[in-house]
Ligand SMILES: O=C(O)[C@H](O)COP(=O)(O)O
Ligand SMILES: [Mg+2]
């Protein structure tokens, strides 16, 4: 490294090797810095450089990254394979989305996209099931699967929560889901909720003849999560739910290993993703967070509602397409559209995102004027009509629950 300066990390004639991880950034240099200097500092600080010219005795492995493309504010950097510890997502992110995010050489920097090389990809398990859950668990054929999260998101007692789940299941919903901030609070303890919900699930299955399942939120410190994963398996579940951003990717990787032992699928809620991806031109894009989630092995991931719901989202369609695309043989991930959805939005949602999705509604079911059971029926009716290619108003004329939902919310996008 002796005598190496920032400029040595910039080479616009460089062609990345297939084995390298290529990252695309948006870079706004600091006011007193030109783009070439900022780009070389990005490559330097995220691989083996620092602010000073280093004096190192003897030979060391050259793990320098190379900024090889600058196009406007778009900068591409190639990282040598040997910079990374195989299968260690925390270490990878500490390189490509680490110190550079706060470096004074840039005003703003956003990691937009990654091209994952084969060997690094193969060091991760990827999803155990992916979108195959739609068919293998629910036999859903061409239709999106549906989920609901009881509201209010916290405060319902176990009995109340379970009753809401039962009414939703028997109304036609496939999946009951915990909300992101419901785990094991005294008003609704995890173990009681798990056992009583599975009892209600069994009754709902017997009553409807349909498969029903439950996304119970195991999010906690990692050891506790592993105990909860074991508990879900022992009691006969198919899934666990994890708040993947707040608990961190290392924990997700550990949960993924435990789920492999029990044949459980992972539903990934993305609460706090917007802290990374909402500010323009800074942070880590949802596209990259989704890539990381797929590598770490979640089966279902919240990726937004294609601008139809209550939450801001980045390019749901593009992210979903990436989750379905080939990634050196890794399984795909089922996208979950959630946040402010209701029956009237279903046709447009399916038009924008297709049917290989999970449609989830909380308020759009439990806010139905006739209650949860009617709300669940209305959502399922909207899905069935959409998949059959029948106009929603026409279908509603024969289905009073849907008619009431459309009468209340129409096709409006909530805030
Ligand atoms: O966790 C979620 O995705 C939200 O709780 C969905 O709730 P909403 O449908 O009421 O917006
Ligand atoms: Mg929620």
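Glycine is treated like the rest: Cβ placed from N, Cα and C.
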According to TrEMBL, 153, 270, 338, 339, 340, 360, 361, 362, 363 bind substrate; identify which of 282, 302 is listed for that same site.
302
Candidates 177, 180, 269, 310 (recorded positions); nearest Cα to residue 153 (substrate binding site) turns out to be 180
Near residue 180 (Mg(2+) binding site), which of the recorded positions 151, 302, 339, 360, 362 can be found within 10 Å, Cα to Cα?
none
Check each residue in the chain of residue 362 (substrate binding site) that is at least six apart in sequence and keep those whose C-beta is under 8 Å from its C-beta; list them in sequence order.
148, 149, 150, 151, 153, 179, 338
Using a Cβ cut-off of under 6 Å to any atom of ligand 2, determine which of the recorded positions 177, 269, 302, 339, 360 qualify.
none
Local Cβ density at residue 177 (Mg(2+) binding site) - other Cβ atoms counted within 10 Å
28
